[in-house]
Amino acid sequence: MFTMKKSLLLLFFLGTVSLSLCEQERGADEDDGGEMTEELKRGVITDALKGAAKTVAAELLRKAHCKLTNSC
């Protein structure tokens, strides 16, 4: 029984230390502005995809207009 208590206490201690280290690392990432960089990358990618989608949509509309009016 005593060895089981020691094992559980050791497991609890190691889990607490691990959690503490994760929180410190997360705090360091927030201080460095890591999230801002990720948001900026997402914004750039999103803008590029929107631009490409608009270009493709405009081209499809132009072709559809051409075929519907028989002015090709």
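Every residue gets a Cβ built from N, Cα and C, even glycine.
Listed in Swiss-Prot for this protein:
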type: DISULFID; residues: C66-C72; note: disulfide bond
type: SIGNAL; residues: 1-22; note: signal peptide
Fill in the blank from the handout: By a 10 Å Cβ neighbour count, the lowest-scoring of the disulfide-bonded residues C66, C72 is C72
Fill in the blank from the handout: Residues outside the signal peptide (1-22) whose C-beta sits under 8 Å from one of its C-beta atoms, at least 6 past its ends, are none
